[in-house]
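**Student:** Can you read through this structure? Questions will come right after.
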Ligand SMILES: CSC[C@@H](O)[C@@H](O)C(=O)COP(=O)(O)O
(Lines of atoms letter the chains of each structure in order from A and count residues from 1; the text may use other names and numbers.)
(Lines give C-alpha, C1' and ligand atoms only; values in the text may rest on other atoms or scores of the structure.)
Protein backbone atom coordinates (compact mmCIF):
# COMPACT_ATOMS: atom_id res chain seq x y z
CA UNK A 1 0.00 0.00 0.00
CA UNK A 2 1.30 3.45 -0.78
CA UNK A 3 0.95 5.44 2.38
CA UNK A 4 1.43 8.98 3.49
CA UNK A 5 1.35 8.02 7.16
CA UNK A 6 4.08 10.00 8.91
CA UNK A 7 3.28 9.49 12.57
CA UNK A 8 5.96 9.30 15.23
CA UNK A 9 7.39 5.83 15.76
CA UNK A 10 7.22 4.90 19.44
CA UNK A 11 9.80 2.07 19.43
CA UNK A 12 13.00 2.18 17.36
CA UNK A 13 15.77 -0.44 17.47
CA UNK A 14 18.90 1.60 16.86
CA UNK A 15 22.24 -0.13 16.61
CA UNK A 16 22.21 -2.17 19.81
CA UNK A 17 19.90 0.04 21.84
CA UNK A 18 16.20 0.74 22.03
CA UNK A 19 15.17 4.33 21.36
CA UNK A 20 11.82 4.74 23.03
CA UNK A 21 9.55 7.73 22.60
CA UNK A 22 8.66 8.91 26.11
CA UNK A 23 4.87 9.03 25.79
CA UNK A 24 4.47 10.62 29.22
CA UNK A 25 5.88 13.85 27.83
CA UNK A 26 3.59 14.09 24.80
CA UNK A 27 2.25 16.25 23.30
CA UNK A 28 4.54 18.95 24.64
CA UNK A 29 7.91 17.28 24.26
CA UNK A 30 9.20 14.73 21.79
CA UNK A 31 11.98 12.88 23.58
CA UNK A 32 13.50 9.52 22.70
CA UNK A 33 15.08 7.64 25.62
CA UNK A 34 18.04 5.40 24.79
CA UNK A 35 17.40 2.11 26.63
CA UNK A 36 20.25 -0.35 26.98
CA UNK A 37 19.10 -2.86 29.61
CA UNK A 38 16.05 -5.01 30.24
CA UNK A 39 15.61 -3.10 33.53
CA UNK A 40 15.27 0.10 31.50
CA UNK A 41 12.60 -1.57 29.39
CA UNK A 42 10.73 -2.96 32.43
CA UNK A 43 10.70 0.48 34.02
CA UNK A 44 9.56 2.15 30.78
CA UNK A 45 6.62 -0.26 30.48
CA UNK A 46 5.62 0.00 34.15
CA UNK A 47 5.70 3.81 34.10
CA UNK A 48 3.88 4.23 30.78
CA UNK A 49 6.82 5.69 28.88
CA UNK A 50 5.74 3.10 26.35
CA UNK A 51 2.13 1.96 26.49
CA UNK A 52 -0.55 0.37 24.34
CA UNK A 53 -0.76 -3.40 24.07
CA UNK A 54 1.23 -4.03 20.84
CA UNK A 55 3.93 -1.45 21.67
CA UNK A 56 4.41 -3.05 25.09
CA UNK A 57 4.89 -6.46 23.47
CA UNK A 58 7.35 -5.11 20.90
CA UNK A 59 9.39 -3.29 23.56
CA UNK A 60 9.50 -6.36 25.78
CA UNK A 61 10.79 -8.46 22.88
CA UNK A 62 13.70 -6.04 22.49
CA UNK A 63 14.08 -6.10 26.28
CA UNK A 64 14.79 -9.84 26.08
CA UNK A 65 17.50 -9.16 23.47
CA UNK A 66 19.10 -6.48 25.68
CA UNK A 67 18.88 -8.63 28.81
CA UNK A 68 20.59 -11.65 27.25
CA UNK A 69 23.20 -9.98 25.05
CA UNK A 70 26.18 -10.41 27.41
CA UNK A 71 25.93 -14.17 27.96
CA UNK A 72 29.05 -16.10 26.98
CA UNK A 73 27.65 -19.59 26.31
CA UNK A 74 24.65 -20.89 24.40
CA UNK A 75 23.32 -22.59 27.56
CA UNK A 76 23.72 -19.43 29.62
CA UNK A 77 22.10 -17.36 26.86
CA UNK A 78 19.09 -19.65 26.60
CA UNK A 79 18.64 -19.64 30.36
CA UNK A 80 18.94 -15.86 30.44
CA UNK A 81 16.34 -15.43 27.68
CA UNK A 82 13.82 -17.37 29.80
CA UNK A 83 14.78 -15.43 32.92
CA UNK A 84 14.47 -12.07 31.20
CA UNK A 85 11.12 -13.03 29.70
CA UNK A 86 9.82 -13.97 33.15
CA UNK A 87 11.10 -10.71 34.57
CA UNK A 88 9.63 -8.51 31.83
CA UNK A 89 6.28 -10.32 32.21
CA UNK A 90 5.95 -8.70 35.65
CA UNK A 91 5.94 -5.16 34.23
CA UNK A 92 2.17 -4.91 33.58
CA UNK A 93 -0.56 -7.58 33.91
CA UNK A 94 -3.44 -6.85 31.53
CA UNK A 95 -2.23 -6.61 27.92
CA UNK A 96 -1.83 -10.17 26.69
CA UNK A 97 0.41 -8.97 23.84
CA UNK A 98 3.17 -8.67 26.42
CA UNK A 99 3.00 -12.37 27.29
CA UNK A 100 2.41 -13.33 23.66
CA UNK A 101 5.60 -11.53 22.56
CA UNK A 102 7.67 -12.94 25.42
CA UNK A 103 6.47 -16.51 24.72
CA UNK A 104 7.34 -16.01 21.08
CA UNK A 105 10.85 -14.84 22.01
CA UNK A 106 11.38 -17.84 24.31
CA UNK A 107 10.19 -20.26 21.62
CA UNK A 108 12.41 -18.57 19.04
CA UNK A 109 15.48 -18.81 21.30
CA UNK A 110 14.82 -22.52 21.96
CA UNK A 111 14.49 -23.19 18.21
CA UNK A 112 17.64 -21.17 17.45
CA UNK A 113 19.63 -23.02 20.12
CA UNK A 114 18.56 -26.32 18.56
CA UNK A 115 20.15 -25.35 15.24
CA UNK A 116 23.74 -25.50 16.48
CA UNK A 117 24.59 -21.97 15.36
CA UNK A 118 27.38 -19.90 16.93
CA UNK A 119 26.53 -17.78 19.96
CA UNK A 120 26.85 -14.54 17.99
CA UNK A 121 24.63 -15.84 15.19
CA UNK A 122 22.11 -17.07 17.76
CA UNK A 123 21.91 -13.63 19.36
CA UNK A 124 21.51 -12.03 15.93
CA UNK A 125 18.72 -14.48 15.06
CA UNK A 126 16.87 -13.58 18.26
CA UNK A 127 17.12 -9.90 17.39
CA UNK A 128 15.66 -10.75 13.99
CA UNK A 129 12.67 -12.28 15.78
CA UNK A 130 12.07 -9.08 17.76
CA UNK A 131 12.32 -7.04 14.56
CA UNK A 132 9.81 -9.43 12.93
CA UNK A 133 7.34 -8.92 15.79
CA UNK A 134 7.55 -5.19 15.15
CA UNK A 135 7.31 -5.28 11.37
CA UNK A 136 4.48 -7.84 11.34
CA UNK A 137 2.52 -5.53 13.63
CA UNK A 138 2.75 -2.80 11.01
CA UNK A 139 1.26 -5.00 8.29
CA UNK A 140 -1.34 -6.41 10.69
CA UNK A 141 -2.56 -2.94 11.59
CA UNK A 142 -2.83 -1.91 7.97
CA UNK A 143 -5.13 -4.88 7.38
CA UNK A 144 -7.16 -4.09 10.51
CA UNK A 145 -7.54 -0.58 9.13
CA UNK A 146 -8.80 -1.89 5.78
CA UNK A 147 -11.44 -4.07 7.44
CA UNK A 148 -12.49 -1.32 9.82
CA UNK A 149 -12.77 1.24 7.04
CA UNK A 150 -15.25 -1.03 5.23
CA UNK A 151 -17.66 -0.29 8.10
CA UNK A 152 -17.40 3.50 7.77
CA UNK A 153 -18.85 5.88 5.21
CA UNK A 154 -17.99 9.43 4.24
CA UNK A 155 -18.95 12.05 6.84
CA UNK A 156 -19.56 9.60 9.67
CA UNK A 157 -18.85 10.59 13.26
CA UNK A 158 -16.77 8.03 15.14
CA UNK A 159 -15.94 8.12 18.83
CA UNK A 160 -12.83 6.53 20.31
CA UNK A 161 -11.48 6.09 23.83
CA UNK A 162 -7.86 6.04 25.04
CA UNK A 163 -5.13 5.73 22.39
CA UNK A 164 -5.03 2.76 20.04
CA UNK A 165 -3.07 4.62 17.41
CA UNK A 166 0.35 4.59 15.83
CA UNK A 167 1.88 5.48 19.18
CA UNK A 168 0.46 2.33 20.77
CA UNK A 169 1.71 0.04 18.01
CA UNK A 170 4.44 -0.33 15.38
CA UNK A 171 2.49 1.88 12.96
CA UNK A 172 -1.07 3.08 12.10
CA UNK A 173 -2.61 1.73 15.31
CA UNK A 174 -5.59 -0.59 15.52
CA UNK A 175 -8.67 1.53 16.26
CA UNK A 176 -7.09 4.59 14.63
CA UNK A 177 -5.81 2.78 11.52
CA UNK A 178 -9.07 3.33 9.54
CA UNK A 179 -8.81 7.09 10.10
CA UNK A 180 -5.39 7.19 8.45
CA UNK A 181 -6.56 5.07 5.53
CA UNK A 182 -9.69 7.23 5.17
CA UNK A 183 -7.53 10.33 4.97
CA UNK A 184 -5.46 8.86 2.16
CA UNK A 185 -8.60 7.96 0.23
CA UNK A 186 -10.38 11.28 0.60
CA UNK A 187 -13.01 9.88 2.96
CA UNK A 188 -13.93 12.36 5.69
CA UNK A 189 -14.55 10.97 9.16
CA UNK A 190 -15.24 13.17 12.17
CA UNK A 191 -13.49 11.69 15.16
CA UNK A 192 -14.48 12.36 18.78
CA UNK A 193 -11.61 11.55 21.14
CA UNK A 194 -12.48 10.96 24.80
CA UNK A 195 -9.77 12.60 26.90
CA UNK A 196 -9.50 9.37 28.95
CA UNK A 197 -9.02 10.04 32.64
CA UNK A 198 -6.88 9.72 34.63
CA UNK A 199 -3.74 9.69 32.44
CA UNK A 200 -5.30 11.41 29.41
CA UNK A 201 -4.15 9.11 26.61
CA UNK A 202 -7.04 10.47 24.52
CA UNK A 203 -6.12 14.13 24.99
CA UNK A 204 -2.35 13.81 25.00
CA UNK A 205 -1.91 11.05 22.41
CA UNK A 206 -5.00 10.42 20.25
CA UNK A 207 -5.85 14.09 19.74
CA UNK A 208 -2.16 14.76 19.10
CA UNK A 209 -1.49 12.06 16.54
CA UNK A 210 -4.77 12.56 14.65
CA UNK A 211 -4.34 16.32 14.56
CA UNK A 212 -0.74 15.95 13.34
CA UNK A 213 -1.99 13.75 10.51
CA UNK A 214 -4.77 16.14 9.52
CA UNK A 215 -7.71 14.00 10.68
CA UNK A 216 -10.81 15.95 11.78
CA UNK A 217 -10.65 15.33 15.54
CA UNK A 218 -12.65 16.89 18.37
CA UNK A 219 -11.50 16.35 21.94
CA UNK A 220 -14.19 15.79 24.56
CA UNK A 221 -14.06 15.02 28.28
CA UNK A 222 -15.09 11.45 29.09
CA UNK A 223 -18.33 12.62 30.67
CA UNK A 224 -19.43 14.30 27.43
CA UNK A 225 -19.71 11.11 25.38
CA UNK A 226 -23.41 10.59 26.23
CA UNK A 227 -24.32 14.14 25.31
CA UNK A 228 -22.45 13.97 22.01
CA UNK A 229 -24.19 10.67 21.19
CA UNK A 230 -27.61 12.07 22.12
CA UNK A 231 -27.08 14.86 19.60
CA UNK A 232 -26.72 12.28 16.84
CA UNK A 233 -23.10 13.18 16.10
CA UNK A 234 -21.69 9.68 16.65
CA UNK A 235 -22.43 6.93 14.11
CA UNK A 236 -19.99 4.37 15.50
CA UNK A 237 -17.55 3.76 18.33
CA UNK A 238 -14.20 2.07 17.74
CA UNK A 239 -11.68 1.22 20.46
CA UNK A 240 -8.61 -0.96 20.88
CA UNK A 241 -8.18 -3.62 23.53
CA UNK A 242 -5.57 -5.13 25.82
CA UNK A 243 -7.12 -8.57 25.92
CA UNK A 244 -10.10 -10.30 24.37
CA UNK A 245 -11.33 -13.35 26.32
CA UNK A 246 -12.47 -16.50 24.51
CA UNK A 247 -16.13 -15.49 24.92
CA UNK A 248 -15.57 -12.05 23.35
CA UNK A 249 -15.48 -10.04 26.59
CA UNK A 250 -13.03 -7.20 26.05
CA UNK A 251 -10.62 -5.48 28.47
CA UNK A 252 -9.63 -1.96 27.51
CA UNK A 253 -8.77 1.35 29.13
CA UNK A 254 -10.96 2.27 32.08
CA UNK A 255 -14.10 3.99 30.82
CA UNK A 256 -14.52 1.80 27.75
CA UNK A 257 -17.34 -0.15 29.40
CA UNK A 258 -19.27 3.07 30.08
CA UNK A 259 -18.86 4.09 26.43
CA UNK A 260 -20.14 0.68 25.30
CA UNK A 261 -23.23 0.95 27.49
CA UNK A 262 -23.90 4.46 26.18
CA UNK A 263 -23.45 3.27 22.60
CA UNK A 264 -25.98 0.48 23.12
CA UNK A 265 -28.46 2.90 24.69
CA UNK A 266 -28.20 5.10 21.60
CA UNK A 267 -28.29 2.24 19.07
CA UNK A 268 -24.71 2.98 17.97
CA UNK A 269 -22.43 0.08 16.89
CA UNK A 270 -19.49 -0.57 19.21
CA UNK A 271 -16.43 -1.96 17.41
CA UNK A 272 -13.23 -3.34 18.91
CA UNK A 273 -10.09 -3.43 16.74
CA UNK A 274 -7.15 -5.69 17.58
CA UNK A 275 -4.59 -8.11 16.21
CA UNK A 276 -4.93 -11.85 16.80
CA UNK A 277 -2.11 -11.50 19.35
CA UNK A 278 -4.59 -9.67 21.62
CA UNK A 279 -7.09 -12.54 21.60
CA UNK A 280 -6.51 -14.88 24.52
CA UNK A 281 -8.41 -18.14 24.06
CA UNK A 282 -6.86 -19.39 27.33
CA UNK A 283 -8.84 -16.81 29.30
CA UNK A 284 -12.45 -18.04 29.20
CA UNK A 285 -14.27 -14.81 30.13
CA UNK A 286 -13.57 -11.22 31.10
CA UNK A 287 -13.87 -12.15 34.78
CA UNK A 288 -10.50 -13.95 34.54
CA UNK A 289 -8.62 -11.05 32.92
CA UNK A 290 -6.20 -9.54 35.46
CA UNK A 291 -6.98 -5.86 35.84
CA UNK A 292 -4.08 -3.61 36.75
CA UNK A 293 -4.58 -1.12 39.58
CA UNK A 294 -2.37 1.93 39.49
CA UNK A 295 -1.29 4.49 42.02
CA UNK A 296 -3.77 6.83 43.73
CA UNK A 297 -1.64 9.81 42.67
CA UNK A 298 -2.75 9.37 39.05
CA UNK A 299 -6.21 10.38 40.26
CA UNK A 300 -5.46 12.80 43.09
CA UNK A 301 -2.55 14.74 41.61
CA UNK A 302 -2.21 13.82 37.97
CA UNK A 303 0.37 15.97 36.20
CA UNK A 304 1.62 17.54 39.40
CA UNK A 305 -1.47 19.47 40.56
CA UNK A 306 -3.37 18.19 43.59
CA UNK A 307 -7.09 17.97 42.78
CA UNK A 308 -8.40 15.88 45.69
CA UNK A 309 -8.15 16.09 49.48
CA UNK A 310 -5.14 14.51 51.19
CA UNK A 311 -5.86 11.04 52.50
CA UNK A 312 -9.02 10.41 50.47
CA UNK A 313 -9.66 6.76 49.52
CA UNK A 314 -9.02 6.14 45.83
CA UNK A 315 -9.86 3.26 43.46
CA UNK A 316 -7.80 3.41 40.26
CA UNK A 317 -8.20 0.42 37.96
CA UNK A 318 -6.40 1.01 34.64
CA UNK A 319 -8.82 -1.13 32.64
CA UNK A 320 -12.40 -2.38 32.66
CA UNK A 321 -14.14 -5.26 30.94
CA UNK A 322 -16.89 -4.75 28.40
CA UNK A 323 -19.14 -7.82 28.28
CA UNK A 324 -19.51 -9.35 24.81
CA UNK A 325 -23.21 -8.43 24.58
CA UNK A 326 -22.15 -4.79 24.07
CA UNK A 327 -19.66 -5.63 21.32
CA UNK A 328 -21.05 -5.33 17.79
CA UNK A 329 -17.93 -6.78 16.16
CA UNK A 330 -14.24 -7.44 16.71
CA UNK A 331 -12.09 -6.30 13.80
CA UNK A 332 -8.87 -8.26 13.24
CA UNK A 333 -6.30 -8.59 10.47
CA UNK A 334 -8.13 -11.74 9.39
CA UNK A 335 -11.51 -10.06 9.12
CA UNK A 336 -14.54 -8.96 11.13
CA UNK A 337 -15.91 -11.28 13.80
CA UNK A 338 -19.42 -11.11 15.21
CA UNK A 339 -21.37 -13.16 17.76
CA UNK A 340 -21.34 -15.99 18.60
CA UNK A 341 -17.85 -14.86 19.61
CA UNK A 342 -16.75 -18.06 21.35
CA UNK A 343 -17.15 -20.02 18.13
CA UNK A 344 -16.09 -17.33 15.66
CA UNK A 345 -12.96 -16.20 17.51
CA UNK A 346 -11.72 -19.81 17.56
CA UNK A 347 -12.18 -20.04 13.79
CA UNK A 348 -9.62 -17.24 13.35
CA UNK A 349 -6.89 -19.51 14.70
CA UNK A 350 -7.75 -22.58 12.60
C1 LIG B 1 -3.68 -0.68 20.22
S2 LIG B 1 -3.58 -0.27 21.87
C3 LIG B 1 -4.95 -1.04 22.67
C4 LIG B 1 -4.99 -0.79 24.14
O5 LIG B 1 -3.76 -1.15 24.69
C6 LIG B 1 -5.33 0.66 24.47
O7 LIG B 1 -6.64 0.92 24.05
C8 LIG B 1 -5.20 0.90 25.94
O9 LIG B 1 -6.12 0.70 26.71
C10 LIG B 1 -3.88 1.32 26.43
O11 LIG B 1 -3.79 1.49 27.82
P12 LIG B 1 -2.42 2.03 28.44
O13 LIG B 1 -2.65 2.01 29.92
O14 LIG B 1 -2.22 3.39 27.90
O15 LIG B 1 -1.35 1.05 28.03
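In case you wondered, yes, glycine gets a Cβ from its N, Cα and C as well.
Found this in TrEMBL, in case it helps:
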| type | residues | note |
| --- | --- | --- |
| BINDING | 51, 52, 53, 92, 201, 252, 253 | substrate binding site |
| SITE | 162 | site 'Transition state stabilizer' |
| ACT_SITE | 242 | active site, proton donor |
**Student:** What is the maximum Cα to Cα distance, in Å and rounded to a whole number, among the residues 51, 52, 53, 92, 201, 252, 253 annotated as binding substrate?
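**Tutor:** It comes out at 17 Å between the most distant Cα atoms.
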**Student:** Note down the number of other Cβ atoms within 10 Å of the Cβ of residue 201 (substrate binding site), including every protein chain shown.
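**Tutor:** That number is 28.
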**Student:** Just to verify a number: CA distance, residue 51 (substrate binding site) to residue 242 (active site, proton donor), in angstrom, no decimals.
**Tutor:** 10
**Student:** Which chain neighbours of the substrate site, leaving out 51, 52, 53, 92, 201, 252, 253, have a Cβ atom within 8 Å of the mean position of the site's Cβ atoms?
**Tutor:** 56, 95, 162, 163, 164, 168, 240, 242, 318, 319
**Student:** Taking 10 A as the limit, how many CB atoms besides its own sit near the CB of residue 162 (site 'Transition state stabilizer')?
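**Tutor:** The answer is 30 other Cβ atoms.
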**Student:** Tell me the Cα distance separating residue 252 (substrate binding site) from the residue listed as 'active site, proton donor', rounded to the nearest angstrom.
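**Tutor:** If we compare the Cα positions of the residue listed as 'active site, proton donor' and residue 252 (substrate binding site), the gap is 5 Å.
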**Student:** Given the recorded positions 51, 52, 92, 162, 201, return the subset with CB under 6 A from an atom of ligand 1, ordered by sequence, or none if empty.
**Tutor:** 51, 52, 162, 201
**Student:** Using C-alpha atoms only, work out the spacing between residue 201 (substrate binding site) and residue 162 (site 'Transition state stabilizer') and round it to an integer in Å.
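**Tutor:** Per the Cα atoms, residue 201 (substrate binding site) and residue 162 (site 'Transition state stabilizer') stand 5 Å apart.
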